[in-house]
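Below is one structure, written out as structure tokens; comments come after it.
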Amino acid sequence: MGFRTLDDVDVTGKRVLVRVDFNVPMAQGKVCDDTRLKRHKETLLELQKRGAKLILLSHCGRPKGQVEPEFSLHPVVQVLEKIINQPVNFASDCIGVAVQTAVEALQNGGILLLENVRFHSGEEKNAGSFAEALAHNGDLYVNDAFSVSHRAHASVEGITHFLPSYAGRSLQCELQALEKGLGKPERPVIAIVGGAKVSSKLFVLNHLVKKVDYLVIGGGMANSFLAAQGVCVGKSLCEHALIETVKKVIEKARECQCTLLLPVDAIVGFRFEKDAPHRLYDIGDIPEDGMILDVGTRSIAHINAVIDKAATLVWNGPLGVFEMSPFDQGTIAVARHAAELSLTGKLVSIAGGGDTVFALNHAGVADDFTYLSTAGGAFLEWMEGKMLPGILALTQA
């Protein structure tokens with residue numbers, strides 16, 4: 001990747017605008033999950049130690065270009081202070097005279113968190129005037145948020161046109177990990193793609209069949225693939241309108257010599273609810289009144305056997321309705337098997353996306369994977385092979 005990093009700049013006494021991702025879940029004005037905050041610890045402490053004046057930019061939620069108190073970043077301050085063990089100042093806006101005054105008051109090593117950039121409509125419109133107003137408070141810019149780099153927004157892309165721009169350590173680390181996944185991976189490579197709908201991951205599937213040796217299709221989207229092969233899927237979620245499109249993906253996989261793995265058996269429920277009546281069926285025997293809610297034991301064994309042969313695993317999306325017991329067992333079993341191989345150094349495992357992170361935490365193995373990306377949309381677009389606007393901007397800055 002042709003961009004500059006923190007190794008290429010002297011930050012002492014400089015006002016450094018750092019784009020972080022503090023879009024964290026909150027309830028009653030309190031942060032519920034600080035995972036994303038922790039991802040930026042290395043970058044922030046390095047800049048602070050090197051005597052920079054840190055000004056942090058982030059969004060939170062979707063306030064639609066106006067001030068909505070429930071999306072304020074103020075509750076983040078106290079949690080961030082504990083994580084980095086440093087005082088953090090807060091500004092009630094992200095541009096304007098009050099911000100300028102707060103920035104001028106910063107000492108070397110001082111940290112200032114600005115209010116939600118999405119409180120201004122210019123952020124999501126990538127308005128040049130708003131990007132310039134943000135840039136006015138800095139001498140240089142650091143993007144440390146891979147998870148927002150698929151957005152051509154003012155604090156991600158627009159600002160790079162006004163300031164010398166660099167990649168932060170978290171962004172660097174993420175890109176290096178992802179390069180091991182699909183850029184220059186150890187082979188064989190297996191990808192697991194799950195989730196409810198094929199329609200949301202068509203671009204991903206079409207890209208992956210060209211890049212990986214084995215492609216496991218799980219979750220609700222597997223039903224459309226089974227239906228495309230003439231399998232009766234009963235009352236299971238199935239996008240019948242996409243059957244012809246799915247057939248093209250199957251054909252493309254064959255042309256690219258990518259082995260598709262579909263369920264050979266399934267846990268079938270008769271109501272869509274936790275602990276609903278259920279039993280194991282071979283895939284050719286799904287009853288008309290049943291719903292496929294998880295992969296079966298033979299399917300798990302097939303997937304694990306392929307993981308045993310693989311050197312690299314890329315995972316996005318659960319294999320079943322993991323939010324409801326007992327339909328989480330397929331995802332848990334495969335996740336634990338992959339984690340075990342990762343811990344012994346036999347497998348490079350990279351997983352990403354909100355549901356995937358949640359599922360791996362649920363399985364108790366999130367920390368055992370080689371790399372876990374907290375990015376949702378950015379991770380998917382990377383899996384599609386797209387160059388992300390925020391990353392492209394750094395290569396051109």
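Just so you know, glycine gets a Cβ as well, placed from its N, Cα and C.
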Swiss-Prot substrate site partner of ASP21, PHE22, ASN23, HIS59, CYS60, GLY61, ARG62, ARG118, ARG151, selected from ARG4, ARG36, ARG50: ARG36
Sparsest-packed of the listed binding-site residues (GLY61, GLY353, GLY354) - C-beta count within 10 angstroms: GLY354
Count of other CB atoms lying within 10 Å of the CB belonging to ARG118 (substrate binding site): 26
Cα proximity to ASN23 (substrate binding site), best match among binding-site residues LYS201, GLU323, GLY353, THR356: GLY353
Distance, GLY354 (ATP binding site) to GLY61 (substrate binding site) (CA atoms, angstrom): 15
